[in-house]
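Novice: Supplied in structure tokens, the structure appears directly below.
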Ligand code: SF4
Ligand code: SF4
């Protein structure tokens, strides 16, 4: 098992096909409305006046596939009143259903919207990094399903060494809040985390 | 508007009201002595009922209420755990006060209990204030900038003093109407002055909150949600009603308090006080639902 399990997302190659979302839902048999992995469509742009007085457009758009980042300083764990939300010895942030009271406070606090309430059981659920697959030496369902090979998983430090650290891409929040185990390869049009240039266009899907 | 959070709106408001009632009535009692005691008869039962009903209603918000005993497991880090503990202590101290009043033989069986009543009352007031503080801190999340500001503290303490003064004013006027003989001297102006002070403080805190809300108003997240967009979705008439109701409640309440003040505390009008509390509670309930609607999460 990994010590600090992390995901890498390559924004250059992700086409926003959402196969990862579907594979996750299928593998974990998630009910309607519960999405452990979500693909955000982020876009913006406008007409920009050039020095010669003409106008050109700077329209951009890219996709961001995010599940839980199994953060180093997870705000969900800090907030949870029951300690049901915890980080296990393998670095996976999990919900202990023997304790979860279904208060949804973790959901209220996580800026990645990773905790997903399951009304059928009245408790919180979330990405478990496909722990069972990992034990069998297999990749998480989302990583295995991605047709563009945009998702990778592995040890955080190794992913960082391989792909470089760039987790401050809009619309991700400031990484100092939770220290996510996430490595992002930005695309050509990626905007900085605090950028006000774009908007999330598919909130209903997230 | 986020009406799904009605159990949390009711829970926070009634517990805040109970805390405000306890603190204001104790302040009044410290100056007015025995006169205040009769006017505040039944206070512990009313506050206990508010706290207990609030806690029960809060269970409706939980997906799995059977696990609620675990909610005090994370006192070291979670403000929600601290809120649960403070509320529990507040209601527990009120339960002891009620037990002493309802079963006087209790103090004969356990004599030191009677001597402890003043201390338990002070503890109850402190637990009430701590509960209001912890409640506000629950929502001051670093990932929700609109809530992570002094406005949440002003909002919650404002509600405690506004509803607390209306609540204790109603109790005093009912007790005055029901049990004080017409020829008896009024409760003295200390009681009325303290209730008035509570009302002014509550309303003042509520209006002090507005600049902070305006400052946060234009900030939006990556989804384009801001306090302004949410208010425009809710509709300006609802927001205007939310602002008008506490002012209306306060104006009605002044109609109860000012004439009585002029008569050195005589003749608190109960029917008017009922309307004042009704309008005050309606305004705060609407305000709390609007508050829950402004959960503007940063990030995704
Ligand atoms: S992404 Fe959210 S739910 Fe996952 S560990 Fe980080 S704070 Fe917790
Ligand atoms: S919903 Fe469950 S996991 Fe989330 S904060 Fe509440 S008790 Fe913790």
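Cβ atoms here come from the backbone N, Cα and C positions, even for glycine.
So TrEMBL has the following annotated:
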type     : residues  : note
TRANSMEM : B:6-24    : transmembrane segment
TRANSMEM : B:45-64   : transmembrane segment
TRANSMEM : B:84-104  : transmembrane segment
TRANSMEM : B:116-136 : transmembrane segment
TRANSMEM : B:156-178 : transmembrane segment
TRANSMEM : B:190-208 : transmembrane segment
TRANSMEM : B:239-258 : transmembrane segment
TRANSMEM : B:270-291 : transmembrane segment
Novice: Short question: which residues 6 or more past the ends of the transmembrane segment (B:190-208) have a Cβ under 8 Å from it?
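Specialist: Distant Cβ neighbours of the transmembrane segment (B:190-208) are 20, 24, 27-28, 31-32, 35-36, 39, 154-155, 157-166, 168-169, 172, 246-247, 250, 253-254, 257, 260-261, 265.
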Novice: Residues sitting near the transmembrane segment (B:156-178): Cβ under 8 Å, six or more positions beyond its termini, same chain?
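Specialist: Answer is 12-13, 16-25, 28, 38-43, 46, 50, 128, 132-133, 135-136, 186-187, 191, 195-196, 198-199, 201-206, 208-209, 246, 249-250, 253, 256-257, 267-270, 272-274, 276-277, 280-281, 284, 287-288.
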Novice: Are the transmembrane segment (B:270-291) and the transmembrane segment (B:84-104) near each other by the rule of at least 3 C-beta pairs under 8 angstroms (pairs 6 or more apart)?
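Specialist: No, since the transmembrane segment (B:84-104) and the transmembrane segment (B:270-291) share fewer than 3 Cβ pairs closer than 8 Å, they do not count as touching.
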